[in-house]
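Taken verbatim from Swiss-Prot:
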type	residues	note
BINDING	Asp17, His18, Gly19, Lys20, Ser21, Thr22, Asn134, Lys135, Ile136, Asp137	GTP binding site
DOMAIN	5-187	domain 'tr-type G'
Amino acid sequence: MTDQTHIRNFSIIAHIDHGKSTLADRFIQICGGLSDREMAEQVLDSMDIERERGITIKAQSVTLDYQSRDGGIYQLNFIDTPGHVDFSYEVSRSLAACEGALLVVDAAQGVEAQSVANCYTAIEQGLEVLPVLNKIDLPSADPARVKSEIEEIIGIPAEDAVEISAKTGFGVDLLLEELVKKIPPPKGDAEGPLQALIIDSWFDNYLGVVSLVRVVNGAISRKQKITIMSTGKSHLVEKLGVFTPKPLDKTVLGAGEVGFVVAGIKDIFGAPVGDTITATDRPTTEPLPGFQKVQPRVFAGLYPVESDDYESLREALNKLHLNDAALHFEPEVSQALGFGFRCGFLGMLHMEIIQERLEREYDLDLITTAPTVVYEVAKSDGTVVPVDNPADLPPPNEIEEIREPIIEANILVPQDYLGAVISLCIEKRGVQKKLQYMGGQVALSFELPLSEVVLDFFDRLKSCSRGFASFDYEFLRFQAAPLVKLDILINGEKVDALSLIVHRDISMNRGRDLVERMKDLIPRQMFEVAIQAAIGSKIIARSTVKAMRKNVLAKCYGGDITRKRKLLEKQKAGKKRMKQVGKIDIPQEAFLAVLRVNKDS
């Protein structure tokens, strides 16, 4: 067991692409966690999706032994965190297990919105924040400007910020020395009753639930009986250890240490994240303050293409939920798509990642409906109901008002692109709250409806500022707005999975775009297919997929007109009969058309 004064627990926080994972690689190399043969780039981004997209999704923890210049050996437990706004809850969970954080800032790009948001989270939790300037070897690096930006925008002193290049390894050993000096050691009670916080869990098919824990007080050892406080169930610890990034078994984890625990828990919900572990024979009375529950902001329906896969989808979602506490799902039935699940996500990136993981790791074919946000509906009898699926909207005569979620978006943008960003926000029905010049950057604050931000705001913001603007957001309130439900009818039948809730001012255009787009996607049938967009009982747009027809007059050479007319009338009657009983299969592209219309309009 390591003496607490020689333990340092810290996280690395930064904006996307500022070099967190590369810096983690250098730490592992310097402290000899892996041999050169095992070393790979971004060794901690273990999921295929993480490596392909070049982003960190799951926070990973590593324990390294560092021989410092004063001769002492320090145990460094560090957690590599994601930088994307959709995964900010992963960051706050990692910070709860640390005493300090490294704020990594790109010396060329300067401070960006996520670094600010994550840094405030760290300061709120009382952590010691060390600013670090990375990519110092770039020709465009400007350390003096970035240091003044850190002081102006975030408000922490940065004149002593360590300058490093994680790619070449320059300055990293100096950073390790600073880290040991400035980040405080843990202050747990090594002799007290056991209290350990579950930072993360995942499901292993052989071991059951594996939990990543931070021991706060006491110690946890092999063959000890432990109790999970929220469920009250006891389990026997089968193995425990640390990641160096490879799993290394140990017999004891002492106060202040971070490691993994396997206790043969087979129930997926047996060790929820944020829970407290204690010893069965000498339990603690108080659980540790856990994490606040994250509320999903974006909802979409996930349906298996083959209805036989429904159970496999349920099992896959359960396993993912253990690893990703922010995923929310419940069963639902659609007339068009059969049985499936209504899933809640933190944002569009989160939704894409979950869908990709389900398709890759669990080998499922899925249909996804267009994402929607949660609306509040005030009914005429005085009750207020949340609605996350347009199909669940009460009839118009029962609705007093519909309220949509409003967020506060904090945007950092270079001055040259300010005009383009402001006009984008106004187009999205935004209200400007604040504008502040800081060095070469401008800090903007806008109130925007979440439904306008969910789909493509991030992509459009990046393209209108050439990738320089950055943004993060927080939920403010629900606010009444003139919203209507837009239904799509195919041959007079409503397709529930294609319904949308839209703002009244753009409903006509949205309906027209949508039926035109559907016309190209629905395959031609032997009979005419009418595609209509309706608000309530009023049809606002229509397009028709023309029927394929056989030339019934091909065999008539000349002859009387009545003979030809008889054949044409017979064909017409057949088509009419067909149209009454004909069923149309709607391809997956048609469901995605709803998304694209939202993005293009």
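Numbers here mean position along the shown chain, with the first residue as 1.
Keep in mind that glycine also has a Cβ here, set from the backbone N, Cα and C atoms.
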Taking residues Asp17, His18, Gly19, Lys20, Ser21, Thr22, Asn134, Lys135, Ile136, Asp137, which bind GTP in the record, the widest Cα spacing (Å, whole number): 17
Number of other Cβ atoms within 10 Å of the Cβ of Gly19 (GTP binding site) across all protein chains: 24
Fewest Cβ neighbours within 10 Å, where candidates are the binding-site residues Asp17, Ser21, Asn134, Ile136: Asp17
Reported mean pLDDT - the domain 'tr-type G' (5-187): 76
